[in-house]
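Participant: Dropping the structure in here first, questions after.
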Amino acid sequence: MGESGGPAGIPGTAQEAQGAQGANFGAYQSEIYLNGLGGQLPPFTTDLTALEASARERLEDGPFWYVAGAAGSGATDRANREAFDRRRIVPRMLRDATVRDLRTTVLGTEMPAPVLLAPIGVQSIVHPDGELATARAASALGVPMILSTASSHTVEEVARASGDGPRWYQLYWPNEDDVCVSILRRAGAAGFTTLVVTLDTWTLAWRPHDLDLSYLPFIRGVGTAIPFSDPAFRAGLDKSPEEDLISAVLRWVPMFTGTDRSWDRLPFLRDHWDGPIVLKGVQHPDDARRAADAGMDGIVVSNHGGRQVDGAVASLDMLPEIAEAVGDRIEVLFDSGVRTGADVVKALALGARAVLVGRPFAYGLAHGGEEGVRHVLRSLLADLDLTLGLSGHRTPSELSPEALRHA
Ligand SMILES: Cc1cc2nc3c(=O)[nH]c(=O)nc-3n(C[C@H](O)[C@H](O)[C@H](O)COP(=O)(O)O)c2cc1C
Ligand SMILES: O=C(O)C(=O)c1ccccc1
């Protein structure tokens with residue numbers, strides 16, 4: 001694994017020593033300075049909190065609001081950020097954190113840092129290469145990408161683009177069992193190992209930006225993907241999605257907005273998936289306990305980036321209670337609002353084993369396809385590496401709530 005696409009290590013620095021261990025993310029900072037001396041600037045900003053504003057200038061209204069938008073008034077989207085801002089890191093000195101090791105293993109997947117790419121549907125909306133570009137960028141760094149059911153490219157194409165990188169698959173759980181089984185079988189056959197089942201989006205929420213533009217993401221580029229390319233799904237259509245897209249959409253939407261899902265149905269997924277299963281969208285400690293009781297392997301503490309229940313609690317505010325509730329019975333991942341290295345440090349300190357990052361990489365994709373995603377990932381990992389070290393920690397496992405204070 002390690003620093004594909006990056007410098008071999010800047011001579012004479014701690015990063016060079018670290019290169020031997022395979023992390024070496026801080027070297028991206030040195031690379032940027034050195035390239036700058038040669039007149040070459042980074043492809044776009046290294047400030048990931050500024051990407052939304054620059055994406056606004058690059059994308060049409062529909063695509064921009066599809067990514068940037070949130071449910072209702074945007075209260076929960078804002079709350080996610082405010083929850084990070086309310087917590088501050090307390091740096092510790094003279095603890096020899098000059099050489100860091102960010103590597104971790106989550107459910108058997110080795111990763112160079114505790115960061116994954118969140119599942120984002122229909123990525124061709126922001127760049128024609130869509131999920132293929134994201135898969136290539138993630139694979140170059142060894143960072144797991146979680147492929148959405150609503151991908152604009154087929155699971156087989158994305159698998160090929162991932163090369164030898166890790167493969168995680170996100171399921172929107174269709175309420176027709178034969179379609180569900182067919183999708184799972186196909187993802188498994190394509191080499192996906194870990195299943196992430198999203199629970200919080202069994203229907204799309206009230207999203208005024210998309211509504212005002214009549215922008216329904218499903219019909220903007222899922223034509224060739226699962227489920228539209230799935231034999232069991234197509235078997236239920238009179239005409240193929242290529243001939244009659246609207247009818248295909250009208251079959252798909254109610255299929256994943258059905259009501260036939262409950263905790264009792266989790267064994268069905270277990271029966272049809274040969275690997276770890278993670279439930280995404282957990283916000284209450286009781287649901288987290290239930291996931292553990294049901295024999296699930298992990299959860300993602302997430303409110304879908306504030307895109308589902310407007311007025312819902314900030315995801316970060318629920319993390320400590322949930323981590324406490326499940327202890328080490330299951331792996332606890334986190335998302336919603338992660339933008340910087342400091343945010344990752346805060347989420348890890350509050351009990352997450354790793355975080356998922358969503359919109360920032362979608363903006364990277366919009367800015368520059370594969371290279372754009374790679375730049376966003378390298379920036380985030382370098383920032384994380386430096387922030388972890390400068391606050392006095394050598395590894396993510398050294399973090400605990402004691403590293404933080406309330407603002
Ligand atoms: C444009 C967009 C599309 C998304 N599509 C999916 C999806 O297909 N499946 C899923 O589980 N989550 C989806 N999500 C939610 C993300 O996986 C993740 O929970 C969220 O983006 C995290 O918040 P952040 O964007 O603030 O990092 C989507 C999010 C965005 C912004
Ligand atoms: O927009 C979303 O948040 C999302 O989850 C989704 C679901 C289906 C298609 C595209 C995106």
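Using N, Cα and C of the backbone, Cβ positions are placed for all residues, glycine too.
Automated prediction, rather than curation, is the source of TrEMBL annotations.
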Participant: Look at the glyoxylate binding annotation in TrEMBL, where Y66, Y172, H304, R307 are given, and name the residue from R100, R207, R270, R339 listed for that site too.
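Facilitator: The candidate from R100, R207, R270, R339 that TrEMBL ties to glyoxylate along with Y66, Y172, H304, R307 is R207.
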Participant: Grab the glyoxylate binding residues from the record (Y66, Y172, R207, H304, R307) and give me their largest CA-CA distance in Å.
Facilitator: 19
Participant: Which residues, sitting 6 or more apart from P119 (FMN binding site) on the same chain, put a CB under 8 Å from its CB?
Facilitator: I146, L147, S148, T149, Q170, V196, T198, K280
Participant: Please check the binding-site residues Y66, G121, Y172, R307, R359 against ligand 2 and give me the ones with CB under 6 A, sequence order.
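Facilitator: Listed by sequence, the hits are G121, R307.
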Participant: CA-CA, which of the recorded positions Y66, Y172, R207, H304, R307 lies nearest D335 (FMN binding site)?
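Facilitator: Smallest Cα separation from D335 (FMN binding site) among Y66, Y172, R207, H304, R307: H304.
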Participant: In the three-state scheme derived from DSSP, which category covers H304 (active site, proton acceptor)?
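Facilitator: In three-state terms, H304 (active site, proton acceptor) counts as helix.
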